[in-house]
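Shown next, in structure tokens, is the structure this report addresses.
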Ligand SMILES: Nc1ncnc2c1ncn2[C@@H]1O[C@H](COP(=O)(O)OP(=O)(O)OP(=O)(O)O)[C@@H](O)[C@H]1O
Ligand SMILES: O=C(O)C1=C[C@@H](O)[C@@H](O)[C@H](O)C1
Ligand SMILES: [Mg+2]
């Protein structure tokens with residue numbers, strides 16, 4: 001089975017995805033990391049060099065190219081479900097799980113991890129919370145199309161596993 005983790009930057013897709021894959025003995029794929037390895041530059045450098053539009057095309061191509069094995073946990077980029085047919089494509093190819101967190105919680109996690117997230121550069125404090133709240137409102141119609149919505153506050157890989165497999 002393929003499990004796609006989606007949600008806003010900082011909701012824990014990479015952190016929880018790696019742990020979930022290890023618990024299940026599934027392969028772990030982080031699409032941001034695959035893109036960085038394929039292109040030989042960081043996401044921030046990719047945005048700076050080619051711009052967001054080309055990044056969206058590239059991340060969609062990466063999504064469709066790496067999904068080859070059977071049992072995989074795939075952590076996606078925060079914006080990926082909101083472009084092209086990506087959300088429907090993921091639902092047609094596996095189970096999609098949205099990790100849901102409120103803006104203030106996302107902001108406090110992201111305050112010290114913004115350098116590698118180009119959309120957040122230069123935003124601090126209340127301005128960061130406001131930006132996240134607006135972007136999240138724009139994106140939720142896509143995120144909420146997931147098969148499963150998981151509450152991201154104090155979420156663990158163990159809990160995520162039991163939600164997905166309804167144990
Ligand atoms: N369950 C958790 N509880 C507390 N902090 C967490 C949790 N999961 C992740 N974090 C922290 O939040 C930050 C972002 O986590 P992570 O990189 O996994 O998010 P992401 O969803 O992959 O973001 P992006 O879309 O930018 O790749 C990290 O600093 C991480 O240590
Ligand atoms: O939310 C977003 O649009 C992004 C999230 C990250 O995972 C990266 O894919 C990139 O920084 C863009
Ligand atoms: Mg990530």
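Cβ from N, Cα, C; glycine included.
For reference, TrEMBL has these:
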- 10, 11, 12, 13, 14, 15, 117: ATP binding site (BINDING)
- 14: Mg(2+) binding site (BINDING)
- 32, 56, 78, 139: substrate binding site (BINDING)
For residue 78 (substrate binding site): DSSP state (helix, strand, coil): coil
Residues 32, 56, 78, 139 binding substrate per the record - widest CA separation, whole Å: 18
Binding-site residues whose CB lies under 6 angstroms from ligand 3, from 10, 13, 14, 15, 117: 13, 14
Residues among the binding-site residues 56, 117, 139 that border ligand 1 - Cβ under 6 angstroms, in sequence order: 117
Listed binding-site residues 32, 56, 139, filtered to Cα within 10 Å of residue 14 (ATP binding site): 32
From binding-site residues 11, 15, 117, the one whose Cα lies nearest residue 32 (substrate binding site): 117
Rounded Cα separation (Å) that holds between residue 10 (ATP binding site) and residue 139 (substrate binding site): 14
Residue 10 (ATP binding site) CB neighbourhood, other CB atoms within 10 A: 24
